[in-house]
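A short worksheet on the structure shown next.
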């Protein structure tokens, strides 16, 4: 029987099913016309042989027919052109329903991004996932698409089924927008719970039985505690920007929320980096998670060239300006895009166009999809104070600069990053925390103004350049205190360390770690300009003072380098090649500078043969103090003898090393002389002896007696059958140094996350997750020092209570507002999880939920009527009506008015007072 052809056909090329989805849809954006294919010849029906007389013949015919059909289908798909051909691994191959595919096409997604292609199939298999992806990589759709596919439609049973936690209000709004757009073909209800909105409105949302809850951790925990929510119905949980969640201090809230979730949930965690605290959280809250990380982000590109410059602390600003001016050739003044925008603005002022027309002209001048220019450079600084200082200094130098750091307002940060992406600025000064989620598609240069404290942070920084086959450069400023970290990086990368010009100009910047200094004259000119600016501009000088204080705190809190690198760095920094001019500078002026440095080194290394006492006596000709001269000569002779002995010992060690090297060459050098290369005049007894002759003649001596005895004593108690070493038997140093995730299927999350864990230093000196807080403050009320924990965990000094998980939460979360809201709405018990929902309840409480648009119901005080406007009396009447509505809504008497309708308590009180008056009036008079 011949080999059966593969079925179904290989998904090398797939047909576009968009036309099938949009057959009766007039809003389709598919411009490819539908062409009718020619009818294919169908095989004649085969006669069925129930007795099994010719089963083999039928099987062979079926196999031949299937193979022919597959071959023709593949041939036709290969000949198709345009948008009708989809590569394998598209959204159609993921098993999504037709409504969701239709929404994806309307959204504009044609091909899944790499993180979507890797993540969605794993999520569809009901596995917990830890995904590492930057902002802009499509990670929002990577977890929203499987969530909509799993939830499918609105459930008639009470209880939310999907939960998405975001660190900020803006990100939550963005996620809600994506959920609304991708869930258009379904009746799923989604709500947004963020701080700043009305609690009463959010009570109504949660009582309306939503399917998907998108919230910030603080507000969601507040509602959970206030409403006593049961989260046992949650099936799908997403922690979006998880590293940002921990940095913003939501660790306690996340722990409390996680404690209330069911164990059968599916948990997804997306982050740009993977700090140690996040790894511990994932191990505790996720069940056998799968780590998904793009391989291109885990290693340095082979097209990236690195240059390291040794510099003093006082010359760092001048060195930065020298790199921008002389190395990168950064132009000053406005960029080309900015000039184009100014021209478009000038043209729009001259022409009488509408506002819409002006906006279109500005969009033409600034193309949002335009990639950064060849001069685009990111400068990494240690703290936000350094960012402010460098931004002001570079602006003073005439460069077009943008900046970003962690505590910058979200809107301002977006504006600054967009200016850099569109080419309005050439330089972006950022911290590691702020740059974590920034995705720049094409970048030319990276400058490490402050050297990173971990090798993985260096890889994370320089990984933004040299992408898609393009060349890129990274320039790093290394002080003497940063030398241990440089050596750690050199060992981590496994590359050769080249100091100065010790190897000449034969260096490879892509494969070597090349360290050198700057030309002194050019560097001095830039340093003098910086000094002059600091003297003239007091604002920049004050910013530098603040940055210096912030640097002291940063130096105390950054990770320590390895002990071996710290020891080795002393000899590296003390060598003459540490400050030699970098091989990157190879012009005529540089050569003159090199010769001058050599001359200064010779002068600095000069040691006279006589002391000053001997020189003075020789000049005068009359020895004044012969005893002192004899003492000096005797000391010199002693020192000379010691020096000669030291030189002799050093020479002997060199000879021993040389002899050992010769033995190694004799054993392993393929270029060594063999027996066949011996000349004819040399006797045969000079040829190499065999191993058996050497064993018989000489005793093997490989180690000292003490080492041998130690080894024997160690092996004496080791039983190879039961002995278990503390080191793994299959240790591979090359694999330990690898950048990417360990090979395999990443089934072991602990092992897979070990190579990608990276802690970023916070840019404000704030403490991270699980770091102890020792600072205290004086409590005036209790007359004692108390911890600042209560001031910074969201409670603002209020009383704390223990939650269900044992974590501290603010006591204000249990304020009774939900009970008061239910009483005002005249509601009884809400349905429990699993019970049938009350449709009238959800429709009456929140009309905005589940609609096409999300509406905020926020009460604002009316603006005061302006007497100078024509509509003064109209506005005044409207304001008075609004005040009356507010007074009646507030409860009448509480707002200053009297309520005309009495409730049961008022009636009962009035009856009691009336009865007292009757009893009082019915008493007999005291008069006799």
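Each residue, glycine too, has its Cβ placed from N, Cα and C.
In Swiss-Prot this protein carries:
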- 89-117: motif 'Q motif' (MOTIF)
- 120-292: domain 'Helicase ATP-binding' (DOMAIN)
- 133, 134, 135, 136, 137, 138, 139, 140: ATP binding site (BINDING)
- 240-243: motif 'DEAD box' (MOTIF)
- 910-928: compositional bias 'Basic residues' (COMPBIAS)
Cβ packing number for residue 133 (ATP binding site), 10 Å threshold: 25
Those binding-site residues listed as 137, 140, and which of them has the most Cβ atoms within 10 Å of its own Cβ: 140
Neighbourhood of residue 138 (ATP binding site) by C-beta distance under 8 A, where only residues 6 or more apart in the same chain count: 112, 113, 115, 116
Surrounding CB atoms that lie within 10 Å of the CB of residue 139 (ATP binding site), all protein chains: 24
DSSP state at residue 139 (ATP binding site), helix/strand/coil: helix
Whole-number mean of pLDDT values that fall within the domain 'Helicase ATP-binding' (120-292): 86
